[in-house]
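K.L.:
Structure provided below as structure tokens; questions to follow.
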Amino acid sequence: MFALSSKNVLIVFLWIDYLWVQYLRARQHKKTKVTTRVPDELALSQQSFDKSRKQTLQRNRLAFVKDLVSIITTTAIIQYKILPTIWEETDPLGELDEITRSCMWYFFYTTFLAFINLPFTIYDSIILETSKSPEFVIWNQLKNFVVGQIFAVMLCSLLITLIRNGDQVFITFWLLFCLVVFVVGISYPQMAPSKYRQLSPLKPGNLRNEITNLALTLSFPLKEIYIEERFSKKSCSNIYFYGPSDQKSIVILNTLILKEHGIGCTNNQILALISFEFSRWHFNETFKYVIVLETNLLLSFAAFLFLFKHPQVYEIFGFEDFHPVLVGVYVVLKYVMVPYASLLSFGFMWVSRGFVMQNDEFVAQLGKGKALIEALVRLEENNVKFPVCDRLYSMWHYDKPCLMERVEAIKKVEEEKFE
């Protein structure tokens, strides 16, 4: 790669990535535009569907313009050596140390980018959301920018100091990230929930009996079933397990059961959702996720370390004689690794989507496919995201298939089962 015209090669790769993303967005935009009626499988009002569709179309149009401005800006930054120009202007006499100069360079450069993105932020917040005044948006952006710069100064200073000590810092960072992933992915789910969570045992009745029988059928090491009090329907997980491998407790959020102020699922729908979680346990997906994440981290850090140390990376952006640490970190992460990061992200999406489809098939094989579809539709009622997706767009952007994809796949499994 570096034996060719490195600058032009990088620009070509960035434009290929940009054009691919725009092609996918155009497919999704067309899909959204032609889908004017609520699919029969979705329990949505036409009014809610139309509102979501209109907002999605508007955001897509904004994204087309924003991404075009972004890629043109990026091309200009590389082609006209804007980064070294800002670097020279921060200290024309060369009297500042690298840390101070790097922090000033980062401030001026991010200020330049913030001004370019501000019109899009204002349009998105005021025109699309229609609930915020221009003064509020500008003030909020200013506060976020100031706070971000304060943290950036501390982080940049620490980063430069650490990297100056040698390549070992990257190995240390990788090991630290691996430890965090392991603790969050493996150790944390085995711990009892925080004492601040309000848990109470599920009362005896049909639901408890059905869950217990299902656990016995699947040889799940059930210890207890709890209901957790929550005051919001928005949650990343409505059902979760905790405890060591031989004594697992099931926790169901009360919003899943409540009729008036919650989602209001039936017993069969709750059983289908629990079966989905049983499938994740059965296939040991948590451990597999951790392995995938650890591998992703290893490959990312290895690629970063190789590119960060390569002098032609700096020369692409106009830094001929001096290679500032912060500039190297920034351009590698933001520009040079974009094609690699896109492919790596797609690989992770493919694995994650495969797990979800595997779990849906598992539930359908248990004879609970119809109930799972009903439960998923209920959960999607409060989701503002447009529920109909282009398949290729969904594969590239989402870590799980969209609702209609899952519904079609579940129905297909059920049809094959009864043939």
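Residue 1 is the first one shown; counting continues down the chain.
Keep in mind that glycine also has a Cβ here, set from the backbone N, Cα and C atoms.
The transmembrane segment annotation in TrEMBL covers 6-24, 103-123, 144-163, 169-188, 289-308, 328-351. Feature annotation from TrEMBL assigns domain 'CAAX prenyl protease 1 N-terminal' to 28-191. Marked as domain 'Peptidase M48' by TrEMBL: 202-413.
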K.L.:
Does the transmembrane segment (328-351) make contact with the transmembrane segment (6-24) through 3 or more Cβ pairs under 8 Å, each pair 6 or more apart in sequence?
P.N.:
yes
K.L.:
By Cβ distance under 8 Å, which residues at least 6 away from the ends of the transmembrane segment (6-24) in the same chain are close to it?
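P.N.:
That would be 64, 67, 71, 74-75, 78-79, 312-313, 315-316, 335-336, 338-339, 342, 390, 392-393, 396-397.
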K.L.:
Can you give the mean pLDDT for the domain 'CAAX prenyl protease 1 N-terminal' (28-191), rounded to a whole number?
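P.N.:
84, rounded to a whole number.
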